Amino acid sequence: MELQRTAIPDVVLLTPRRFGDDRGFFSEVFNAKTFTEQLGDFTFVQDNHSVSATPGTVRGLHYQTEPHAQGKLVRCAKGRILDVAVDIRRSSPTFGQHVAVELSAENWSQLWVPPGFAHGFCTLVPDCEVLYKVTNLYAPSNDFGIAFDDPDLGIAWPVARDQAVLSDKDKKHPRLADATHVFA
Ligand SMILES: Cc1cn([C@H]2C[C@H](O)[C@@H](COP(=O)(O)OP(=O)(O)O[C@H]3O[C@@H](C)C(=O)[C@@H](O)[C@H]3O)O2)c(=O)[nH]c1=O
């Protein structure tokens with residue numbers, strides 16, 4: 001497992017090894033011991049899997065507040081996405097800053113998005129499958145969002161808002177400056 005800190009050091013890019021042979025490949029995509037040793041004592045309690053048919057589908061930016069905040073270990077097993085983590089911890093020197101990385105079936109990378117970050121992604125090709133482990137169960141009452149195209153965030157999304165495929169919920173999120181439920 002190769003590990004690379006990003007410009008926001010709490011956000012980490014992990015690339016598991018692939019063992020290829022005539023059949024295809026084998027890869028250990030998560031190892032609790034290695035993860036705990038390298039990134040901290042997190043326990044994953046739910047595995048999520050989403051499929052997005054259309055390129056330019058944007059999901060996010062989502063987060064759950066305490067006591068249900070989630071760390072997310074995100075990967076793309078089919079297709080290619082731009083994955084984004086935004087620091088929404090008010091006391092953080094990188095509050096409002098983000099990391100954006102491409103995750104794909106080719107690069108086999110994963111993004112560790114710790115609690116305290118809003119997360120979202122945009123699909124770059126048809127039929128993307130995104131899998132992610134989370135450290136807390138889904139809690140709809142603590143589920144919040146920030147507008148993916150908030151100009152203050154300055155995220156270079158590969159799709160314009162009027163072209164993006166969005167859920168009704170994701171069309172209505174506030175800007176970060178107007179969000180009432182961010183982290184301390
Ligand atoms: C997130 C989630 C949703 N659901 C349900 C609620 C709803 O009826 C349906 C679709 O939910 P959403 O529209 O929120 O799905 P989606 O927009 O894919 O939400 C996800 O987006 C990415 C970016 C994340 O980071 C995730 O944490 C999650 O928020 O699935 C669950 O049952 N469990 C869950 O953990």
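Yeah, the Cβs are placed from backbone N, Cα and C, and that goes for glycine too.
Counting Cβ atoms from all protein chains shown, His62 (active site, proton acceptor) has 18 others lying within 10 Å of its own Cβ. TrEMBL lists His62 with the feature active site, proton acceptor.
Feature annotation from TrEMBL assigns active site, proton donor to Tyr132. Counting every protein chain shown, the number of other Cβ atoms lying within 10 Å of the Cβ of Tyr132 (active site, proton donor) is 23.
On a Cα basis, His62 (active site, proton acceptor) lies 13 Å away from Tyr132 (active site, proton donor).
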